[in-house]
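Only one structure is covered here, and it is reproduced in the block below.
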Amino acid sequence: MDDTEKRVHKYIEKHDLIRSDDKLLVAVSGGPDSLALLHFLWNSNLVPKEAISVAHLNHQLRENAAKEQRVVETFCERQGIPFYIEEVDIKSRAQSLQKGLEETARIVRYDFFEKVMAEKNINKLVLAHHADDQIETILMRLVRGSASIGWSGIQPKRELKGGQAIRPFLPITKAEIIDYAQKHELAYEIDESNTSQEYTRNRYRAQLLPFLKQENPAVYSHFERFSEETSEDFQFLEALASDLLKKNLIKNGKQTTLLLSSFKNEANPLQRRAIHLLLRYLYNEDASFITVNHIYQIIQMIQSDNPSSSIDLPNKLIANRAYDKLHFQFGEREAPSEFYHQLELNDRIELDNKASIRLKLKSSVVQTNGLNGMLLDAEEITLPLIVRNRVNGDRMTMKGQAGSKKLKDIFIDAKIPRQERDKLPVITDYTGKILWVPGVKKSAYDREFSRSKKQYIIRYTRNIGGNESMHNDIQKVLISEDELQEKIRELGRELTTEYEGRNPLVVGVLKGATPFMTDLLKRVDTYLEMDFMDVSSYGNGTVSSGEVKIIKDLNASVEGRDVLVIEDIIDSGRTLSYLVDLIKYRKAKSVKLVTLLDKPAGRNVEIEADYVGFVVPNEFVVGYGLDYAERYRNLPYIGILKPEIYSE
């Protein structure tokens, strides 16, 4: 074994690239690099010979493509190596995909490799990238302005669908590979396109690499060390960025939202790494769409004093900042649709967002207009009412203020995102007086109920269905879905140890504890029985009433049993205190309490849980079983509800 082979073996061991039970698919083009790699693996005894197979994709781009294919076939036939070949017209495929030749070739290659790996149950794809490729890649990315994570260059291994791609030749040079191929008399083809100065990589190879090697013969080892050190740094930073995104990211159908209130206070390097990670997620790990300029544009949006801004990113990705939220969504920009409706008495209109507006004569039983209604004195306005978009110069006469105020300033005060303002209905009377912008502001024409006057009432009904409006009611994600499941696994292990062999009666407190109980008991690995109680002191409010009611009692007897009570949250503690005392009174052998959330600031009785998932601040939290007026239980995370939602 010569020095070159020793360094490859050492590199494989250092990065744990190949294990004895791996099955290898070697990508072989017919050139010296990949044939040398195949020869090395075939003679290395790293894996049994029957664990090695070959894949070759004929791109049909060059005259000698058929010769290269024949070289691969001949080598494999002589050695008895299984090989898989596919021929693809890359030019035609590029036209149909509307992508460049190089990008299309890469996509098709990896699709082919992954297909073979899946069909043949192969877990490692072996590629022949070497030290020259590494230097070229790092320099190209630096000059092109790639995001900083690209500076680390080609990695020894990366995840693929159903396996890994590995690169054991990264520590050795092109010259060493040629020497190896000639030493072992390998017949290979030379890709004539590698000498063409039309390609960027070839210009770096021909003009920069010779200069660098002349300046410092140790340039290869220096770039190898640079790649490994920067990779380690980026991996550490990426772990922090991943945690940051888990706490501040909401995925809602086609839209992904980054919550900015705490995110923008993080250190700039962490923000940049988190944005890069987010873009990789959005672009499905295709880094070709991401440059450092895109990341800096987004960071500028986040740190700007302008609360409403928008930028277009590659592949029709749009980033919209709306005050403390940054929304990402693929698609075309929608031109604001203009609308204009006339509203006569007893008419009802429906807007594009499925909200509806209705005008009626005030009933004698109507005592209040509420937040979603407005009372008007008939003598002060002229019918029909007009429902339209805003227009430049709109002004509203304000209650308790002299003069009028620009609608634009009212929107800014209310923190209405710029891209949403043209969608809001502006209600005027027939003479043009602005009466109301539903959900934003009422004018000075808003009146109290009067039995003596003829009055109209406008009713605005929002479309509150659908997942989007539910997520938009959340001020901040407090505990992410991943954090919940990690804590539940931890609690499950503790409860398994506690109750092994005791067959406890597990009591779920309806309704809020149901999701928590369902996930938790999957993690408790011992026999148990389940029952439920529905005990409440809240109703549809946000503060405990102090009165505890049993809505559903247990079916099973607790006498002589070990009882574990599962609750979603301990707030005032009044409900749980009553329940625990009741179970003890019924002669349970033991009573223990596990709660997902504990809110000590709300406590007004003495009670402590035996097992606690998370301690939460004195905020109104919803999600994962917790509700407000029976809403939000199906959120997959724990979030803080916006105050305006429960104060309406």
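Counting starts with 1 at the first residue shown.
Heads up, the Cβ atoms here are built off N, Cα and C, so glycines get one too.
Per Swiss-Prot, the features are as follows:
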BINDING   Ser29, Gly30, Gly31, Pro32, Asp33, Ser34  ATP binding site
BINDING   Asp627  Mg(2+) binding site
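Location within the structure of each feature annotated in Swiss-Prot.
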residue	record	Cβ neighbours (10 Å)
Ser29	ATP binding site	22
Gly30	ATP binding site	25
Gly31	ATP binding site	19
Pro32	ATP binding site	22
Asp33	ATP binding site	24
Ser34	ATP binding site	24
Asp627	Mg(2+) binding site	18
In the same chain, outside Ser29, Gly30, Gly31, Pro32, Asp33, Ser34, whose C-beta lies within 8 angstroms of the Cβ mean position for the ATP site?
Val28, Leu35, Ala36, Glu68, Ala128, Tyr188, Glu189, Asp191
Would you kindly give the Cα-Cα distance separating Asp627 (Mg(2+) binding site) and Asp33 (ATP binding site), rounded to the nearest Å?
61
Cα distance (Å, whole number) from the residue listed as 'Mg(2+) binding site' to Gly31 (ATP binding site):
64
How long is the line from the C-alpha of Asp627 (Mg(2+) binding site) to the C-alpha of Ser29 (ATP binding site), rounded to the nearest angstrom?
60
Mapped DSSP class for Ser29 (ATP binding site), helix or strand or coil:
coil
According to DSSP, does Ser34 (ATP binding site) fall in a helix, a strand, or coil?
helix
